[in-house]
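Heads up, the thing below is written out as C-alpha cells.
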Amino acid sequence: MRRSEVLAEESIVCLQKALNHLREIWELIGIPEDQRLQRTEVVKKHIKDLLDMMIAEEESLKERLIKSISICQKELNTLCSELHVEPFQEEGETTILQLEKDLRTQVELMRKQKKERKQELRLLQEQDQELCEVLCMAHYDIDSTSVPSLEELSQFRQHVASLRETKASRHEEFVNIKRQIILCMEELDHTPDTSFERDVVCEDEDAFCLSLENIATLQKLLRQLEMRKSQNEAVCEGLRAQIRELWDRLQIPEEEREAVATVMTGSKAKVRKALQLEVDRLEELKMQNMKKVIEAIRVELAQYWDQCFYSQEQRQAFAPYYAEDYTENLLQLHDAEIVRLRNYYEVHKELFEGVQKWEESWRLFLEFERKASDPSRFTNRGGNLLKEEKQRAKLQKTLPKLEEELKARIEMWEQEHSKAFVVNGQKFMEYVMEQWEMHRLEKERAKQERQLKNKKQTETEMLYGSAPRTPNKRRGLAPNTPGKVRKLNTTTMSNATANSSIRPVFGGTVYRSPVSRLPPSGSKPVTTSTCSGKKTPRAGRHGANKENLELNGSILSGGYPALAPLQRNFSINSVASTYSEFARELSKASKSDATSRILNSTNIQS
C-alpha cells in the first residue's frame, strides 16, 4: 500500500473521531437534534468546500502541467529541427509531472545549444570577415538566420583556420619579400616612385592587403629589382676584372691599387661610377703604354698555350704574336685572342687538368724509374728507399687507370665535337703511346750500355785483374771497439797487388810484404818459406786454399796479432786458373753486401 493511501485512511479516521467528538460535546451541552443536524451540515459544508477547493487547485495544476507539456513538446520539436537533432522521445511510461519536468529540462538544454551555436556562428562570421578583408577574398557562404548544424560549424571553423594559415604564410612571404625589396633598393640607391612601392616600403605591414594579386606584384617587383641588381653586379664585376687585368698589364704599383680598394666590393651606383672612372683612366693609360700592354698579353698568351698544350705550329699560327708594330689594331687582335683562349680553356678545363695530372704522374714515374736504376739508392739510411718503392708500386697501378679514364672522356668529347682532341699537336693517346715507347727504348739503350760496360770490365779483369775492394770504415766506431766482424772474401785477397795491404779483421797491425813484385817476364818466382819454425802445410790443404795467395811472396797478415802470419807464395798461373771461382765469389759477395745494406736501412727506419 502506498504511503499516500495510508495517509488518506488516517485522514478519514481523524474526521470520524472529530465528528464523534463533536457529537459527544453536543450531547453534554444538550443541543437538540435539529441543531445538531444543522451543525453537522455546517461541518460537512466546510469539509466539502475545503476539499473542493483543494481538488480545484490540483485540477488546475494538472491542466497547467498538460499545457506546459504541450508547449514544451512543440518548442522541443522546433529546436530539434533547428539544431538538426533527433526528436526527444520519453523512455517508458511516466507521470504528467515527470514528463513535464523532462520536457522542460530538454527544452532548456536545446535553447542553450542554440544560443551557443548562434554565438559561435556570429564569432566565426566576424573572423571570416576580418580575414577576407585582409586577404581580399569572398566571405564564407552560410545562412546567418538559421541555427547552424554541428557539421556546418565544423566546416566553418576549418575554413577560418585555413584563412588564418593563409594569412600567416602570405604575411611571412610579404615580410620576406619586403625585406629583400628594401635591401635591393638600398643596393641600387632606388627610392619608391610608385604608389604600390610606397605602400610596400612606407606603410604599416598590417595595413597591406595580402591578396594573391598583390603577392604576385610583390614577387614581380622583387624579380625586377634583383635583375637590375644582378645586372649591376655583373657590370661592376666586369669592370673590376677589367681593372685587375689593366693593373697587371700596366704593372700598376700596389699604392695606386690600394687607393681604389674601397670600390672593389659592392655594386651600388656610386661604386659603379667610381669603377667606370678607374677603367677610363686605365684605358687612357693603356693607350699611352701600348707596347708594355701587348707584351703583358703575350706573356698571358704563352701561359694559356702551355695550359692548353698547344704545339709549336699552333702557336706560330697566331702571327700577330710575333709582330713588332705596336698599334691599337695589334692590341685588339691580342685581346680577341686572349679572350678566345680563355674561353677555350674554361670549356675544356677538366680535360686539360686531367692531361696535366697525367703529365705530373708521368714525370714522377720516370723519376722513380731513374732512382730504381741508380746503385747509390742502397746507401739509404732514413727509410726513403722503402717509401719510394711503395710510391712507385702505387703509381704503376694508378697511371694506367688514369690513362683509361682520360681515354674514355676524350672519346666522348670527340664524339660531341666531331673533331680530335690534340695535345702538343697530336692525339692524346698517340702522345701517351709515344711516351711509353720512348721510355721503353731508353730502358733498352741503358740495358745495352750496362751490358757493354760489364763486358769491357770483365775483359779488363781477365787481362789485368780486378781492383781491391776494401770495405769502408764505419764512422763513429773506435778502432778497438768490439762489434760485428765483416768477413772478407778470400778471392779479394788473391787479387791484391804486391804493394796492397789488407786491414786485419780484429784491429791487428797491417804488415806490408818485403818481397818485390813479379818480374815483367812473368817467370816463376822463387818460392821461399818463412814460417818461424812452423811446419809447412800439407799439399792437399795447400791446394784447397789456392785463392788465399800473394804474388811474389807477399805476406798475408791478419787475425790475432799474437800469432805469426802465414806466408804463402803462388804463381800467376794458379791465380788465372781460379778466376772463374773468383768471379762467382765476387758476384755473391756484392749481392750479400747490397742485401745487408737494405736490411740495415730498413731496421734503422723501423
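Glycine is no exception: its Cβ is also placed from the backbone N, Cα and C atoms.
Among the features that TrEMBL reports, coiled coil is placed at 96-130 (among others). Listed by sequence, the residues of this chain that lie at least six past the ends of the coiled coil (96-130) yet keep a Cβ under 8 A from its Cβ atoms are 62, 65-66, 68-69, 72-73, 75-76, 79-80, 82-83, 85, 88, 90, 139-140, 142, 144, 147-148, 153, 156-157, 159-160, 163.
Panel annotation: around the coiled coil (215-242), residues 170, 173-174, 177-178, 180-181, 184-185, 187-188, 190, 196-197, 200, 264, 266-267, 269, 271-272, 275-276, 278-279, 282 of the same chain, lying at least six beyond its termini, place a Cβ under 8 Å from a Cβ of the stretch. Annotated coiled coil per TrEMBL: 215-242 (among others), in sequence order.
Sequence annotations record features per position, and here TrEMBL assigns coiled coil to 431-461 (among others).
Per TrEMBL, the feature compositional bias 'Polar residues' maps to 524-533.
Under the heading region 'Disordered', TrEMBL lists 465-487 (among others).
Annotation source TrEMBL lists region 'Disordered' at 514-545 (among others).
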Give me the mean pLDDT over the coiled coil (96-130), rounded to a whole number. 90
